[in-house]
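K.L.:
Below is a structure I'd like to ask you about.
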Amino acid sequence: MSVPQFKRVVIKLSGEALAGEAGFGLSPQIIKSVAEEIKDVVNLGVEVAVVVGGGNIWRGKVGSEMGMDRASADYMGMLATVMNSLALQDALEKLEIQTRVQSSIVMTQVAEPYIRRKAVRHLEKKRVVIFAAGTGNPFFSTDTTAALRAAEIEAEAILMAKNNVDGVYSADPKTDPTAVKYDELTYLDVIQKGLQVMDSTASTLCMDNDIPLIVFSIMDKGNIKRAVQGDKIGTIVRRSL
Ligand code: UDP
């Protein structure tokens, strides 16, 4: 019988992780597969919150490069995360996992508003809580959302599921053959070396609040469960080693 290492986690899924090979839009097969993995973790008794990105639909940076006002473009990005969140909720409920979407931008017809105490209550009842619409603020990312919500709900770790890489490397492994994968790192290493793990706002928030981050590939089925069980997969980033 496998024993989970964490009681409560935040799973960060990038939008691209839900898009599959195409890199944009939503892949029903991938969403189903991710939902099955989340179900496995819930069945271990772990309380699961999920932060979903929106990069498979829209990124604020792209909009601003096209000449849009950055704040407006970022709000579009936050709305994209709501679409992904509803798709994941649907897939989880098809597997009979009770799921609530809480949105940082109020839209009561489709999601609950984000209320920290209510989110914690859902988690205690073993419902999956999906945090949609990022932090609700432009100029932030969903990585920062994961760090912020993890601190607020006192999650013991952030599990960062990547679709294009299986951990943190010294350089981009796709373009640099000398790139080496790290097993463990500190947040200071990430910031000082400029490693492409999460943005610096998210990294400092995790560091200041002492929240460990496990970065791994979503492409190997069962990895979310492995990460929860403390198996050595991907890269672990901590405040200190
Ligand atoms: N976003 C934002 N504030 C937040 C979270 C997200 O403005 O708190 C916007 C931002 O434009 C971002 C987009 O939403 O580009 C999608 O989020 P993100 O890029 O983090 O998604 P991911 O890369 O994880 O798919």
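Glycine is no exception: its Cβ is also placed from the backbone N, Cα and C atoms.
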K.L.:
Can you say which of 20-25, 116-121, 200-205 is given as region 'Involved in allosteric activation by GTP' in TrEMBL?
P.N.:
20-25
K.L.:
Going by the ATP site in TrEMBL, where Lys12, Leu13, Ser14, Gly15, Gly55, Arg59, Tyr169, Asp172 are listed, which of the candidates Asn43, Asn163 is also part of it?
P.N.:
Asn163
K.L.:
From the candidates Gly54, Gly67, give the one listed by TrEMBL for the same UMP site as Asp74, Thr135, Gly136, Asn137, Pro138, Phe139, Phe140, Ser141, Thr142.
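P.N.:
So the UMP site in TrEMBL includes Asp74, Thr135, Gly136, Asn137, Pro138, Phe139, Phe140, Ser141, Thr142 plus, from the candidates Gly54, Gly67, Gly54.
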K.L.:
For UMP, what surrounds Gly54, Asp74, Thr135, Gly136, Asn137, Pro138, Phe139, Phe140, Ser141, Thr142 with a Cβ no more than 8 Å from their Cβ centroid?
P.N.:
Gly60, Gly77, Met78, Gly134, Thr144, Thr145
K.L.:
When you rank Asn137, Phe139, Ser141 by Cα distance to Lys12 (ATP binding site), which of the binding-site residues ends up on top as the closest?
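P.N.:
The answer is Ser141.
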K.L.:
Filtering Lys12, Ser14, Gly54, Ser141, Asp172 (binding-site residues) by proximity to ligand 1: which pass a Cβ cutoff of under 6 Å to any of its atoms?
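P.N.:
Checked binding-site residues vs ligand 1; flagged Ser14, Gly54, Ser141.
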K.L.:
How many Å lie between the Cα of Asn137 (UMP binding site) and the Cα of Asn163 (ATP binding site)?
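P.N.:
Approximately 26 Å lies between the Cα of Asn137 (UMP binding site) and that of Asn163 (ATP binding site).
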